[in-house]
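In TrEMBL this protein carries:
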SIGNAL    1-21  signal peptide
DISULFID  30-45  disulfide bond
DOMAIN    57-205  domain 'Cupin type-1'
BINDING   102, 107, 112  oxalate binding site
BINDING   105, 107, 112, 151  Mn(2+) binding site
């Protein structure tokens, strides 16, 4: 299985060499200075670099899934690996409890490709023509979610599941649809949501209360 994962990562890196969503780099490396006050499209480069700027061990262990959704995304992007700055690539590990859901969301800056480490998942995305493209994927299989399209993953099995997800951006961004609409700050006005969803104010307020950040 380790050899298969290694092959996936190698193939993913080769694929991204020609299809990165981020701008091309103009030097060998530009390790992100995450503390810099300089604002650019990406991050300013820091002067002194080390091997640790290109290393991250955070995907080695399963994430804790004892939450409302029963899933956890562990990101390995430029905010965790400063050496990814300008390289146009990142990964995530997503763990799912039985019944766990990675809810409908989008990545505005990247296409996503997932490789199933264990278990099986029901996955899908919705096109701009409102067509659902979905199927079940299991250990060792791959599925692609096109850039910007709403998509999801659900573990309907009785055992935990996990994937490694690759992105052609150093920071793909994530907008969870429910949280974006019902837990924004400041809040989206109720009259907008009642009109959009064709429901009453009470229903909107009930959803907002459930999605409100825990204090």
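Using the three backbone atoms N, Cα and C, a Cβ is placed for every residue, glycine included.
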Fewest Cβ neighbours within 10 Å, where candidates are the binding-site residues 105, 107, 151: 105
When you tally the Cβ atoms that lie within 10 Å of each candidate's Cβ, which of the disulfide-bonded residues (30, 45) has the highest tally? 30
Students should find that the Cα atoms of residue 102 (oxalate binding site) and residue 45 (disulfide bond) sit apart, in Å rounded to an integer, by 33
Using the alpha carbons only, what distance in Å do you get between residue 112 (oxalate binding site) and residue 151 (Mn(2+) binding site) once rounded? 10
Across every protein chain in view, the count of C-beta atoms other than its own within 10 A of the C-beta of residue 102 (oxalate binding site) is 25
How big is the Cα-to-Cα gap, in Å, between residue 30 (disulfide bond) and residue 107 (oxalate binding site)? 24
